[in-house]
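Peer 1: For reference, the structure I am asking about is given below.
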Amino acid sequence: MEFAELIKTPRADNVVLHRPFHPAVEGTLCLTGHHLIFSSRRQDNAEELWLLHSNIDSIEKRFVGSLGTIVIKCKDLRIIQLDIPGMEECLNIASSIEALSTLDSVTLMYPFFYRPMFEVLEDGWSSFLLEQEFELLSSVTNEWRLSCVNKEFSVCPSYPPVVIVPKSVDDEALRKVAVFRHGGRFPVLSYYHKKNGMAMMRSSQPLTGTNGRRCKEDEKLINATLRSGRRGFVIDTRPLAVAQQARAKGGGFEQEVHYPQWRRIHKFIERFNILQESFIKLVEACNDQSHNMDRWLSKLEASNWLTHIKELLTAACLAAQCIDREGASVLVHGSEGTDSTLQVTSLAQIILDPRCRTIRGFEALVVREWLQAGHPFQQRCAQSAYSNSKQKWEAPVFLLFLECVWQIHRQFPCSFEFNEQFLIMLFEHAYASQFGTFLGNNEYERAKLKLPQKTMSLWSWVNRPEELSRFQNPLYEANSLVIWPSVAPQSLQLWEGVFLRWNRPSKFLEEAEEERINIIKYNKELQAKVNALRRQLAEMETDEEVQEE
Amino acid sequence: QVEQVKLLDRFSTSNKSLTGTLYLTATHLLFIDSSQRETWILHHHIAAVEKLPLTTSGCPLVIQCKNFRIVHFVVPRERDCHDIYNSLLQLSRTAKYEELYAFSYNPKQNESEQVKGWQLIDLAEEYKRMGVPNDYWQLSDANRDYKICETYPRELYVPRTASKPIIVGSSKFRSKGRFPVLSYYHKNKEAAICRCSQPLSGFSARCLEDEHMLQAISKANPSNRYMYVMDTRPKLNAMANRAAGKGYENEDNYSNIRFQFVGIENIHVMRSSLQKLLEVSGTRGLSVNDFLSGLENSGWLRHVKAVLDAAVFLAKAIAVESASVLVHCSDGWDRTSQVCSLGALLLDSYYRTIKGFMVLIEKDWISFGHKFSDRCCQLDGDPKEISPVFTQFLESVWNLTEQFPQAFEYNEAFLLQIHEHVHSCQFGNFLGNCQKEREELKLKEKTYSLWPFLLAEQKKYQNPLYNPDFSPELTLLEPNTVSFNFKFWRNMYHQFDRSMHPRQSMFSLIMNTSEQNKQLEEDIKELEAKIKQRNGQSDVVLVKEQEQTAHPAPVALKSPPCFQKEQPPMPVNDAVRTIEGSNTADNRYSELVSEFSKAEPAVVSLEYGVARMTC
């Protein structure tokens, strides 16, 4: 297919662009296969706006006489308005945008066409291999092994080719366990707590069904993570009733009789469409400036968004607490083990593991616990808060995770190497990107699409020193402790950087942030200078002493 | 003195507690726990004491303070508890001003320091700074002996054309004699903020002198003959007042006025609103939705927004239209003080400095007779007179500091400290209800002024991000008052609930760094001088001295001998990078595991687990 077929009017002049808190600008609008480009070439104020079609969540058009207006709502929650003279042009442009922003073939997406303008210093596709992770692990324990049982993606299509499992369990047993777990997602290592040797595993639900089927290998596999005489915790992210109902459909949960050493805790985390609705409601509330206080607060409440945040943080803290405070191993799962499970395991690691609070460590966490672990990004992030499609697989699962990280970041502003911008950047790229990183639903699909060969990795770009400097937190000082956030409602805040980003002037806040950075930078300069002067003085003193002698 | 008393954490659901000894002094309640940490509570800060039913571990005693601290003691013996309860009831209720802490508080200042302290804020000087007296405004001696209005200060500024008979006539037509006077003069726009109380208009009464008075105000503004009259009450309330012979200005009777209601609720609504807010925020195991709906139902943020909206309206009338504005409510000492002072704060960057803010409070709140004594319940009085009007003002200012982080010289700690002392009765400033009463109490001789103490430790109150060039003098600060900009002020209402605050404070880190920068700059100067000296003469004698001074310069920001025994709400000299109290026990998910790890049988504890998890 040629994009040109979809573009009937590639260019329109005298278009007026409206954005909140910016004066309207007149300029030229161009459509290309992947971008909407607006440029105003007035001498005093040349401006260009490049918008990826894939970033467009929905568009609306309306007419007043022959002047057409298109309102474009983006996945990063921005809303812009274009006034286009000429009814035909406007209709053409609107239909082109609609078509180009909803291409159904992945291989037509921009990452397959994007040619980077920067030199690749390090190929991000091979920056975070599980083998490296395992090497680190083997330096502290030999209880685990790397298994290639899923090399051909035949045992579990949503798992990566290699996984880390207890050493005592062989591949044959893994195959049997895979049959016993939903989607073949057998328990694998998610995190190893060096401090006390406790492990966090994740999987999908066991397929016990109504007749209480059991699987000796499964029991053996998860028991292998327990110290003798100690108990472990299974954190099930469904309420007990839902877990019980799941048995009727062949699913189920670990029953005490077969897993006597495990205590099951049901910590409910909301799923899919409920989350998507919550997201849509919250954005609606934030976008309406006319709300009076009562209406704003009740809308904020009705969205339930912060409730989801609190529940998620609580579950993650619980998992972390089992490991760090109770000295117990943990197995986390819900139904499929691709959403709430990953939210809990990755957030628990943010709390427990200082490495995950560094830029590189966080990237590794996203790769390991989200991309390789088979979170279906393409489905979940197909549409954002302005979507009308209401497909049941769309859900802001990853955004919720990022926001929870942000909430912890707010409470421990010195413990993270990255800043808020880094999290916002990941949110944007998960929904629309020139990079191939978040395409596909799992490693299998990515391999089939040959993404590593055909597209650029987000990490190749982010990890260049020029880019990294934008994402660094000047307050960062490595903190080796476990960080326990407060989950009281009074301690949680709306993530303004995402939800109010386009709805209020932020100049003063940005300037203040800059000033904060300046104070820190200046401090470092001064300290360096003081040290240099002290050294100089000390040298002069010793010189004198030498002279005297 | 009672031993073996337990102090419970207000929000923890586990029964973890600190055990220690409780002491009762003449002015404070003191609790020293086993690790020698001290908790001081001033008797005047106690708003309510409550004895809960006896439990197995003892007799619980809950103390609520005016600075929103709530402490929960468990006293082992009921008799002791009863004694403490009775003593606290007596000690926290003072019948006479002379028994307040301020009259016994002795900060070791000599007499001349005391006098100088009181002279620190000079309102005559302040009016001069604004540009009055001038061709249009003059100092009136009409109230020199408090004859016209008891609750106004002696010195009042009025339009030159307002003669004494007009003043007298107008004051008779205004509730409590509070006739229109100057509150703030904007010298660039030549426009004024004036304040008064409601007119005694009833349904039809008129007063020519009062009409003249308003005309004089509008004529005193050469740039715009029209003036606004802002009634800060909801229209319905104002109309209801007409039945009692009070009311509001009839636009037909006054020339050149534009009348406007702005709808801020009265003191009773505000009191119960805050009460509701505190009930919600004090709930254990609060869910997000209960919190948000409680926040909504309390109406508190709506009221704060209404106050700020009114101030924005006022400031714009002056800055944009150059129109003078007359502000009143019923008596003109609550809502009027809020709106006038916030309006001036938006208009004039001087009030965004530490000294300027003190001046603003002295002028619009203290001198114009905001009834601090009644509103803060300094003496045992009518509980219906209590209202968080001033707290609301501070919260509005805090909201502005959040939106304009570089516009204010002072920080949040400054606002909290002022709030602390409005209720502490430790200094004379806020005692009494009006200037006349303060003079009769001889406060300037018998007590000390708060301001010099705050200035002496102003390092703690400086905003490290402050940029004096942020807004040139007399440019309007234009806050965005869309609802989502207003947030729950956690540091005020949960100031003492440490587990709710960020474990690492960005604010104090920046404070310390900026302070350290100053120190380092000095070190550099010193070192450079030494090197220079050394280059000039190779004098060996100096070596020793250097060894002493050249040791690394840590930020030894030990707070100066604190004038209050309490640790400041946000200790500046905290080791900010360490994580205070970061343990699960502080947070509410903690109990879950620790509890069911004790329970043994798997089947039973499963259900138990489920039940616990859903809460």
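For all residues, glycine too, the Cβ spot is worked out from N, Cα and C.
In TrEMBL, annotation is done automatically, which means it is predicted and not curated.
The domain 'Myotubularin phosphatase' annotation in TrEMBL covers B:117-493. Residues or ranges marked as substrate binding site by TrEMBL: B:Asn266, B:Ile267, B:Cys329, B:Ser330, B:Asp331, B:Gly332, B:Trp333, B:Asp334, B:Arg335. The active site, phosphocysteine intermediate annotation in TrEMBL covers B:Cys329. Here TrEMBL flags B:510-537 as coiled coil.
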Peer 1: Least buried of the binding-site residues B:Asp331, B:Arg335, going by other Cβ atoms within 10 Å?
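Peer 2: It is B:Asp331 that, of the binding-site residues B:Asp331, B:Arg335, has the fewest other Cβ atoms within 10 Å.
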Peer 1: Which of the three DSSP states, helix, strand or coil, fits B:Cys329 (substrate binding site)?
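Peer 2: Assignment for B:Cys329 (substrate binding site) reads coil.
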Peer 1: Using the Cβ center of B:Asn266, B:Ile267, B:Cys329, B:Ser330, B:Asp331, B:Gly332, B:Trp333, B:Asp334, B:Arg335 as the substrate site position, which other residues in that chain lie within 8 Å, going by their Cβ?
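Peer 2: The answer, listed by sequence position, is B:Ser197, B:Thr232, B:Arg233, B:Thr336.
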Peer 1: According to DSSP, which of helix, strand or coil covers B:Arg335 (substrate binding site)?
Peer 2: helix
Peer 1: In sequence order, what residues of the same chain, 6+ apart, have a Cβ less than 8 Å from the Cβ of B:Cys329 (substrate binding site)?
Peer 2: B:Ser197, B:Gln198, B:Asp231, B:Thr232, B:Arg233, B:Ile264, B:Arg335, B:Thr336
Peer 1: Restricting to the chain of B:Trp333 (substrate binding site) and a gap of 6 or more, list residues whose Cβ falls under 8 Å of its Cβ, or answer none.
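Peer 2: Listed in sequence order, they are B:Thr151, B:Arg178, B:Ser197, B:Phe368, B:Gly369, B:His370, B:Lys371.
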Peer 1: Which chain-mates of B:Asn266 (substrate binding site) that are at least 6 residues away have a CB under 8 A from its CB, listed by sequence?
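Peer 2: B:Asn266 (substrate binding site) has long-range Cβ partners B:Arg233, B:Asn237, B:Ser330, B:Asp334, B:Arg335.
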